[in-house]
Amino acid sequence: MDFVPAPSGGTPVKVPVVEVEAVDVAEPVNAESIAVEVVSSEYETDSDDSDGLDTLSQSETTIQLIRDEQLRDGLVPGACSLEEAVAFRKRLHAVGKAAFVEETLVRETVTAKKLCTAFGIMPPAFLEGEPDESYGPLLAIALSREFSRRPKLPEYNTVDDAVRLLRESKNIIVLTGAGISTSLGIPDFRSKDTGLYSKLEHLGLSDPQEVFDIHVFREDPSIFFSIAKDILPTEKKYSPTHGFIKLLQDKGKLLTNYTQNIDNIEANAGVLPEKIVQCHGSFATATCVKCKHRVSGDAIFDEIKEGKIPECSLCRQSIEADALKPQGLKRKRSSNGDHKDRKNFEDSSDEEDYEIPTPGVMKPDITFFGEDLPDEFGHRLVHHDRELADLVIVIGTSLKVAPVAEVPGILPRKIPQIYISRTPVSHTGFDIDLLGDCDVVVSELCRRAGWNLDHHMIPVNEKVDVTPVEGYESRHVFQVNGA
Ligand SMILES: [Zn+2]
């Protein structure tokens with residue numbers, strides 16, 4: 001499972017980008033003083049109806065984005081067809097913004113209003129009836145958005161291309177999300193019905209995300225621990241997709257697996273710790289909120305399973321040692337009864353810690369909202385992987401959440417990118433989309449590559465049908481024959 005921390009800070013990988021569209025628009029968007037801010041679903045989901053909420057908000061007005069499927073199906077009156085849109089996008093990337101505007105708007109071959117639709121922006125109702133120039137600022141945004149996007153590499157389209165890339169690549173980056181663990185019965189946090197959040201209503205929180213809010217945790221850790229037992233990785237099982245990542249490692253092809261998941265299941269499959277970056281932390285270790293004493297996650301699992309709040313053994317020892325000291329040396333709680341400022345909780349000096357003689361709570365090292373992401377992510381990506389990677393495979397995530405969402409943009413654009421998930425994403429262009437249950441997709445890819453992906457969840461005589469998606473030469477749907 002994965003979830004969304006809300007990081008803060010300055011470096012590219014720590015920007016609180018919770019929405020990839022914001023990255024796209026981060027380029028010079030201040031076209032003629034239109035301030036565009038992107039709003040979208042706050043958290044990612046791997047469920048089937050993910051992309052539904054994409055909008056741009058322009059001060060009071062909300063501008064709708066158009067999906068490629070809507071263009072393909074002719075659902076937007078006056079809009080480009082999907083073929084026209086794709087041609088305009090290719091042309092923009094080929095000639096640049098200035099030349100593109102010259103040969104379209106200046107020569108009046110197409111209206112600005114219609115061009116907006118080619119780049120996925122719905123002409124807003126408030127501009128209806130206005131002269132075509134009124135659409136200029138909006139079009140400028142649309143062009144910048146498209147231009148900052150990685151264009152699809154035209155030479156990779158088919159399943160055979162994907163198989164060949166797998167066989168020939170030597171340094172593969174695999175990005176994973178909740179979708180690779182759902183076949184194990186681990187709930188996808190954010191999907192509306194099956195997700196964990198729906199189970200949290202009885203806790204009476206104003207927002208279920210508060211369970212993973214560091215401030216709420218410091219105030220009342222029992223809220224988190226009341227559900228932690230449900231998300232704790234217990235059995236040593238793993239999915240065929242985890243097995244696939246291990247297989248890439250065995251073949252010497254796995255550069256790094258960046259995972260948004262906190263379940264640490266990669267380890268069960270045998271993926272080496274040095275090959276994994278857990279972008280949102282994991283249950284593998286836990287740290288005392290007071291003294292920072294760190295233990296293996298296993299050490300507190302029993303207490304979590306029993307519904308207890310695990311306490312720091314080191315803190316407890318020092319409190320007990322302190323209790324044996326002569327009374328006169330013991331610090332007393334201040335007489336005015338003031339509580340310490342919660343904000344300074346962690347910064348408080350050792351002396352102050354004696355004011356309230358309770359051991360610190362052991363917090364699993366998953367990244368909560370309001371906490372910084374592990375530094376390892378950006379460092380490894382920029383200083384190590386960026387130079388080496390020759391293929392990116394994204395599996396089981398709609399790739400809308402930082403920092404993983406930023407990976408395809410940070411890598412050189414010539415590196416091929418393959419997407420494996422149930423539903424395609426429109427906000428970032430992959431070279432090949434392999435759609436379906438990711439366990440089924442990877443097992444079929446291995447079959448075609450002549451690789452032995454042995455896993456008890458893959459039926460021995462499994463037959464998989466692969467069908468192209470109409471209107472897309474690089475999208476293919478994988479389905480088990482007879483399923
Ligand atoms: Zn402690």
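Keep in mind that glycine also has a Cβ here, set from the backbone N, Cα and C atoms.
What TrEMBL annotates here:
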{"type": "ACT_SITE", "residues": "H280", "note": "active site, proton acceptor"}
{"type": "BINDING", "residues": "C288, C291, C312, C315", "note": "Zn(2+) binding site"}
{"type": "COMPBIAS", "residues": "335-346", "note": "compositional bias 'Basic and acidic residues'"}
{"type": "DOMAIN", "residues": "152-452", "note": "domain 'Deacetylase sirtuin-type'"}
{"type": "REGION", "residues": "326-357", "note": "region 'Disordered'"}
> Roughly how many angstrom lie between the C-alpha atoms of C291 (Zn(2+) binding site) and the residue listed as 'active site, proton acceptor'?
Replying inline: 22
> Given the binding-site residues C291, C315, which one is most crowded in terms of C-beta atoms within 10 angstroms?
Replying inline: C315
>> Around the Zn(2+) site formed by C288, C291, C312, C315, which additional residues qualify by having Cβ within 8 Å of the site's Cβ center?
In response: V289, K290, K292, H293, E311, S313, L314, R316, P359, G360, M362
> Relative to the Cβ of C312 (Zn(2+) binding site), which residues of the same chain, six or more apart in sequence, are found under 8 Å away?
Replying inline: C288, K290, C291, H293, P359, G360, V361, M362
> How big is the gap, in Å, between the Cα of H280 (active site, proton acceptor) and that of C315 (Zn(2+) binding site), rounded to a whole number?
Replying inline: 26
> Where does C315 (Zn(2+) binding site) sit by DSSP, helix, strand or coil?
Replying inline: helix
> Over the domain 'Deacetylase sirtuin-type' (152-452), what is the model's average pLDDT?
Replying inline: 84
